[in-house]
Amino acid sequence: MLELNKRKEEAKVAKEQKVKAIVRTYYVIEGNKVKLKNKKCPRCGSIMAHHLKPNERWSCGKCGYTEFIGASKKR
């Protein structure tokens, strides 16, 4: 019983310590307009991540949609 309570407390502490994304890094202010730095996912509408390695691509962490940039060098 004590072990179960200990696990619950550890899970609660881990949940509280999660790092949230800093939303202000996704936008750029140009004059009086606010622009999004990254692309939006065409499937679900969330902000996509730009990856450079191993292949340059845009990927959505929410739905898994991926756009590859350029031709693949592997054959």
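Indices start at 1 and increase along the chain as displayed.
For all residues, glycine too, the Cβ spot is worked out from N, Cα and C.
Note that the coordinates shown come from a computational prediction; the quantities given were computed from them, not determined experimentally.
Swiss-Prot has this to say about the protein:
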type	residues	note
BINDING	Cys41, Cys44, Cys60, Cys63	Zn(2+) binding site
ZN_FING	41-63	zinc finger
**Fill in**
The number of other Cβ atoms within 10 Å of the Cβ of Cys63 (Zn(2+) binding site), counted over all protein chains shown, is 14
**Fill in**
Other than Cys41, Cys44, Cys60, Cys63, the chain contributes near Zn(2+) (Cβ within 8 Å of their centroid) the residues Pro42, Arg43, Gly45, Ser46, Met48, Gly61, Lys62, Gly64, Tyr65
**Prompt:** Of Cys41, Cys44, Cys60, the binding-site residues given in the record, which has the fewest other CB atoms within 10 A of its CB?
**Reply:** Cys44
